[in-house]
Amino acid sequence: MSNVGPLWERLVRAALRRERTGIDAYGRPAGGIAGNVPSSLSNSRDIDPILRAADEIQDEDPNISRILCEHAYTLAQNLDPNSEGRGVLQFKTGLMSVIKQKLAKREGADFDRSQDITRLREFYKLYREKNNVDKLREEEMELRESGTFSGNFQELERKTVKRKKVFATLKVLGTVLEQLSKEVSPEEAEGLIPEELKRVMESDAAMTEDLIAYNIIPLDAPALTNAITSFPEVRAAIASLKYFRGLPQLPGNFPIPATRSADVLDFLHYTFGFQKGNVSNQRENIVNLLSNEQSRLGTPDEHEPKLDETAVENVFLKSLDNYIKWCNYLGIPLMWSNMDVSKENKLLVISLYFLIWGEAANVRFLPECLCYIFHRMGEELNDHILRQPLAKPAASCVTEDGVSFLEQVIVPLYNVIAAEANNNENGKAPHSAWRNYDDFNEYFWSRSCLKLGWPLDNNSSFLLRPSPRSKNILKTNVTKRRGKTSFVEHRTFFHLYHSFHRLWIFLFMMFQALAIIAFNDGRVDSRTIRLLLSLGPTFFVMKLFQSALDVLIMYGAYSTTRLLAVSRIFVRFIWFSFVTIFICFLYVKGLQDTTNSISGSIVFKIYIIVLGIYGGIQFFWSSLARLPSCHHLFNRCDNSSVVRLVKWIHQEHYYVGRGMYEATTDYIMYMLFWLVVLGGKFAFAYFLQIKPLVEPTRTIIDIKDVRYSWHDFVSKNNHNALTIASLWAPVFSIYLLDVHIFYTIISAVVGFLLGARDRLGEIRSLDAVHKLFERFPEAFMNNLHIPLSKRNSHAITGQAIYHFLFPLLKVQEKNKFDAARFSPFWNEIVNNLREEDYITNLEMELLQMPKNTDSVPMVQWPLFLLASKIFVAKDMAAESDSQEELWDRISRDDYMKYAVEECFYTIKLILTSIFDKDGQEWVNRIYEDIRGSIVKGTIHSDFQLKKLSLVIQKVTALTGILKEVGTPELETGARNAALDLYDVIQLDFFSVNMRENYATWSMLIKARKEGRLFSKLKWPRDPELRLQIRRLHSLFTIKDSAVNVPRNLEARRRLEFFTNSLFMDMPRTKPVREMLSFSVFTPYYSETVLYSIDELLKKNEDGISVLFYLQKIYPDEWKNFLARIGRDENTHESVLIDNEDDNLELRFWASYRGQTLSRTVRGMMYYRKALMLQAYLERMTVGDIEAAVPANEATDTKGFEFSPEARAHADLKFTYVVTCQIYGKQKEEQKPEAADIALLMQRNEALRVAFIDEVETLSGGEIKKSYFSKLVKGDINGKDKEVYSIKLPGNPKLGEGKPENQNHAIVFTRGNAVQTIDMNQDNYFEEALKMRNLLEEFHAYHGIRPATILGVREHVFTGSVSSLASFMSNQETSFVTLGQRVLASPLKVRMHYGHPDVFDRVFHITRGGISKASRVINISEDIFAGFNSTLRQGNITHHEYIQVGKGRDVGLNQIALFEGKVAGGNGEQVLSRDIYRLGQLFDFFRMLSFYFTTVGFYFCTMLTVITVWLFLYGKLYLALSGVGEDIQNRSSVLDNKALTAALNTQFLFQIGVFTAIPMVLGFILEQGFLRAVVSFITMQFQLCTVFFTFSLGTRTHYFGRTILHGGAKYHATGRGFVVRHIRFAENYRLYSRSHFVKGLEVVLLLVVYLSYGYNDGIVGYVLLSVSSWFMALSWLFAPYLFNPSGFEWQKTVEDFRDWTNWLFYRGGIGVKGEESWEAWWDEEMSHIRNFGGRVMETILSLRFFIFQYGVIYKLDVQGSNTSLSVYGLSWLVLLALILLFKIFTFSQKISVNFQLILRFIQGVAFLLAIAGIAVAIVLTDLSITDIFAAILAFIPTGWGILSICVAWKPVVKKTGLWKSVRSLARLYDAGMGMLIFVPIAFCSWFPFISTFQTRLMFNQAFSRGLEISLILAGNNPNTGF
């Protein structure tokens, strides 16, 4: 222990050194101890600044640094004297060590601490003098007032940062000086700090006011660097919130910042006790909303800006729309009904609502609860508080310690919600056992909520906390609390029928009708009609079943649900019971009346009249429901008792779900869609499914005396019912799911046509970009640029004369105008592609577009269009015979013509710019002669065009010199080159008669002879001219064609999509000032932020690192990156790692190619960059200014990112909040993620990070946790700075993590819209330019309701990683484009399927937020936002002219976990009230669309698998019972067209053919037919059918298991690069129960069917079973087929060793499933928890016993005996086998003392068993085949027993048999594992299989890299060589 002290000192010294260097190990700004202040000390905001100042001046004066550290220690000691807070003791110890180090600086000399104040005072003065404090502010102000922001902004930034640092340090020094002086006597203090110094300190402190943290708008402190507060609309919004006459006066001691006056939020702050952080946050939020609303109406007066009444009214109605509807629904007066609704009062009311919302925490998920709170507080405000002359605290919020809205209102609600959440047992308890967020909220949908009173009655049943759930199932908790509200989420498959009963009734009735017609041979006679009338009883029986489900599923909510709703349920049940009995009675009586026809039967007449009346009423009501006008009429008459009664009868009345209708035209469109789908489906069903089965069914029914090969129980005298069932079951299953197949096909075709209509895919190649480029500027101006009044009338300066000569010049001028404004945006797009390393420097130069100023009278196009054109034109000129022929040949290529014209004009421009007067005269004369020759048509005779190449050569020589920086030598060279050009033109090229201009030519010849010509050459200094010279030189020197520029496929794709989108329909954009404001919102937990160097270089077992992998996947981008940072392309990465700057750039380069937060942040920050560019350029083009600004200035973008006005506009319109839930914890633990997030904030000044801060405080001797929601931004010190801090009522994570994370931080978002972005997404600068257009969709027409969610197209950028990633990418792309296109229109059922949709922010935050968070039920939280929006009369649209990047899972395990999560989420959705209400309230056709695109898709997927089971178990029954063989011998009816059609349909669905149809049509639309075909064929060769079949099993397993047992949970898939081999055991654990068990069951069924089934040879068997074999093999081997290095021998050996270790390692406490089979097995059983689940598992397990029952009767030993004793005897044999197994697996621990005896018994048992078998074979008919058949029979029986034991685990444990069950289970898993492992091991023997698999899985670049890596690894032990 003696070494501990010195070691600690060394550690501290190292930390100090690192602090002074300014960086840490990661290359980031270091924080030292200043960054490690524990959260429990955060109440003192002084400690951290003091320590930072100490770090700052450490080298300058260690003594002063020591004083500051000691003072910080004193503050920490005062806050927590006993060091009880988390991390406080470590902090204090570290700080003391730092102080000790600083004391050591004096080399043993003592410090006189009594002189500390004097030293500090003197240092304060010295520090001011050293930093020229008095001049610092003056210099900054001078620079600011100079107006040259763009050019000097970096200098301005530098000075501003320096000033802030200096004044921040002075503020700390002054504060510490004042606090130290208070510790001495007042007399001494006066002497220590003179009055003059005090004044200086106060002045310096005032200079630090703009250091006060603010978010966007500096409301509490003026910020000189922020121009937002100078905008009139912002000033008007701020002024509108000021205190107004009539408000009670605030007390004089209420603190108001000196920088602003009191406002209404201060009044509400004082009155209701809202938190300071909440008030500041909502003040900015309201100002932002008001100013943006005002900007759309017009800019207020500059001098006295005032807010328009309309702006206030719009915000008022939008914000309180839900409250107004709630009051109307409950029939209560609005809280302002007795108030004068003036503009000021409206702002007061808005402020109150947002302050309530901002502090409501988890209660924000209860929007109607917020309405109640707001209503009551508004009444209190109106009735009591506003009537007082002086402001007083509200009685409802008064506490013992003061006033607190949080403590008095939110905490009681939070406590009961938290208590209920604790009862869900982390999602394991049934949903019916606890109240979720919806239950709490729906309590406020009835007037009974008013009984809660105000203040809230804590004794009400609503607020009573539940007692903890008992673990005893039989024990019930008796409590007075309220139970579930309106709905109970019982776990049952019947929810599918309950929610979508209309669909099932329709399908069953149609099946019945088609079957009746088919069995009557298609005749429609009286008998057929009589039978068709049986549909009536069917309908009412199914309706009765629906009403019975209503009664059962509502169990648990009767006591809390409205009486009207409960009575309706029971009335409906009684009504349908009576009607069903009555209808059935009438129909049966009618059937018995065989004497009369239908028309003559009175009973049938009554029956038809009753059905007609019922059907007529239903049809009439449905017809009315289709008319929006009728809905409006009913809503107006909602108070009428008659209307209420009619609505009550028709359907349940909820607060949500009212007005679920669409415009008539929309209804007709999706009705026609479904008529086509249903027409195809029923035609297929009748002709290919039902009709072919009629004759076989009749034949089977007529067969008598069927011979059974087993002991038959049920099939005698029932017309072979089981045989008929086995025949019809798979056909009926396909009948139920083929609607989805027809939907898929028709929707794909419709989506294709809609995409073509929207002009998608018009530009699908680089060639199209080249050909259409000249149309881009006009399209850009029409769509993405603000309208310009002078655009069409704009004339190019000095060119008006040409209007008389060239009629088309007007159009050319417009094109030039458009090109000039398009070019800065295009160039910025190109620059960003270069910064992202997608293009080379040369490609960037070729792609960039000139500014198109007035210097050249034509449009100048990018060089990649004109490259090599001059060389071709030159050759044409030499070969042509006439001017007309030459110009005709040149004009055939537009870009060649443009290149020639541009060279013609540019040469003149350059020469006239550099030559003196004589030179200019020569140039003008030459050009006049050329024009004259062109007019006369004598160009060939006047000029020697064959010598043109010589002229071009001389011009190239001249431009090559002129493009360099001028020197005397170069100037001489340029003059000589000009003279050479003169000589060539005059002597070789020119043939014009000079006598016409004799004087001019004489003067020029004389000047040339005398040496005066070009003697005064002016070197080009103008940047614009220099650009023209370089461009001309490039035109003359680039010989290669640029048709393949850019070469990078991603760059091509982006440019193709962007240019294509320019021609698509989109709303016209508004100026930045008038656009809607928006936020981007990204939830983050602990994923990768930025790859560290260690992560990049860490090699997997193959020796492959992530960096190596990226270099091989993206070789061109790696070279471009090296070029960008100035390195050679062969530079090794170690060189970059050693360089500090390159190290960080390398990390970012790699991170931008992964699914990291840094990639997402970079992408989203393009929004700000785009807005800055747009705002900067619009400053020149708006209003009258446009006319006065030259074109070259109007398009100049130099320094646009540094313009204060542009930055202010962007910040006002765009906010980016990343909600990093555990960022505070990561900071405390010094995790690299925290440092990386801080680095992102430093690099992106507009980035804001929200997080939950856990603070431990000492109260009453106990440590209590407090939770704060905080917002931070980057700080000048390289750390983060707290902007807002809002205390929460408790731990915010009561439900699902992600929505809770979103909810706590959504208060920090701003604007009219919010875009939800996941942290695996990306964005592109060119797409960000279109965001303004997208936001205008909120005001565009999309139906009878305005849009509330704007769907956005996604591009999956992970498709190139591997074949699996490609499959996932193509599948996802198909859904997010073509699929969602159809869902939005015409089907009108698009929901929110995840990010990157754009929400109407105010609409959603006032209606529960952008997701739902109840535990488990809302695990797919995103889609519930769509459900909620639709139910609350929202409208969800989809737009494809803009796209956002999206990363997807790239490995099979990742994909399986993701699909499992989604399937489990859909299983939970089936149980939810949202699905039920939408299924009930949508009209029939919209309900069909909704069902088949949500839970119906997963149910149809499950039916696909069930079809295989039904078919195989049907075949098993026919084979084992002997019925199949007997019937087939008599009549060939079992192999028929219907069964073949059903199996073929199932197989096509199974392998993903129907999934591929939308994919292929999407490919054709956007890539072209040929590329689409190639892509599809490539996918087939990459075994995509295996992948789709495997995914089918994943979805089926998790969907079905979730509905039966629950257990859905979020799976962290990991978003890294899958370059590692997955162990066999890991795959086995993941897929054993979902795929392997089911796959082996299918194999077993197929083997038994092959062994005992009757079929026509092997061909017939293969044709019937191929789909089942394919499915089984795919399920068994896909995880290993798609496993990197899955067939390498060395890996296989290691996998086997690892698997056996895992299998036989015993579990125990703390052992994870990854380590032990026993622990994994226990985890696998954890989902079976409730009684219903156990019963269902038992029922499903009974199917395994049919094998033994059937196979035993097929044994040779029993002959033809079908006695039941044979089956009984087989059980005795099975018991004997189990006994043998028990003897051989007897516990080694128990048998230690009698090991010898045990071995003897085992040996005897084995010998007896062998002997018994031998005797049986000799003495009986038992054969070797029988032994294998018996094994085949006993294996599934054992598994069935095992499954039942697992289901009833608690019971089995009590019997003491659990260890035996576990041993049996281990044996089964070992056997299954070996069956799968042996083929893999066999394939691993052949090296070519591994090579083939690598090529199959990865693209060629990586495959090559992988092999190179293995070869170079040499003796690397991990590579297998």
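Glycine is no exception: its Cβ is also placed from the backbone N, Cα and C atoms.
Since we're looking at a predicted model, the values are computed, not measured.
Noted in TrEMBL for the protein shown:
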- 344-457: domain '1,3-beta-glucan synthase component FKS1-like' (DOMAIN)
- 531-557: transmembrane segment (TRANSMEM)
- 569-588: transmembrane segment (TRANSMEM)
- 600-621: transmembrane segment (TRANSMEM)
- 667-688: transmembrane segment (TRANSMEM)
- 734-756: transmembrane segment (TRANSMEM)
- 1490-1512: transmembrane segment (TRANSMEM)
- 1547-1565: transmembrane segment (TRANSMEM)
- 1636-1652: transmembrane segment (TRANSMEM)
- 1735-1752: transmembrane segment (TRANSMEM)
- 1796-1818: transmembrane segment (TRANSMEM)
- 1824-1846: transmembrane segment (TRANSMEM)
- 1867-1888: transmembrane segment (TRANSMEM)
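Residues 496, 500, 503, 726, 729-730, 733-734, 736-737, 739-740, 743, 1379, 1383, 1387, 1389, 1391, 1423, 1463, 1466-1467, 1469-1470, 1475, 1478-1479, 1482, 1539, 1542-1543, 1546, 1549-1550, 1592-1593, 1595-1596, 1599-1600, 1638, 1642, 1645-1646, 1649, 1667-1668, 1671 of the same chain lie 6 or more positions beyond the ends of the transmembrane segment (1490-1512) yet place their CB under 8 Å from a CB of it. Contact between the transmembrane segment (600-621) and the transmembrane segment (667-688) does not hold: fewer than three of their C-beta pairs are under 8 Å, each pair 6 or more apart in sequence. Within the model, the domain '1,3-beta-glucan synthase component FKS1-like' (344-457) shows a mean pLDDT value of 92, rounded to a whole number. Listed by sequence, the residues of this chain that lie at least six past the ends of the transmembrane segment (1824-1846) yet keep a Cβ under 8 A from its Cβ atoms are 1641, 1644, 1647-1648, 1651, 1725, 1728, 1737-1738, 1740-1745, 1747-1748, 1750-1752, 1754-1757, 1770, 1773-1774, 1777, 1813, 1817, 1852, 1857, 1861, 1864-1865, 1868. Counting Cβ pairs closer than 8 Å to the transmembrane segment (531-557), the top stretch among 569-588, 667-688, 734-756, 1735-1752 is 569-588. Here the transmembrane segment (667-688) has long-range neighbours at 510-511, 514, 517-518, 626, 661, 735, 738-739, 742-743, 745-747, 750, 1385-1388, 1483, 1485-1486, 1488-1489, 1537-1538, 1541, meaning same-chain residues at least 6 beyond its ends whose C-beta is under 8 angstroms from one of its own.
The domain '1,3-beta-glucan synthase component FKS1-like' (344-457): residue composition by secondary structure is 80 helix, 5 strand, 29 coil, according to DSSP.
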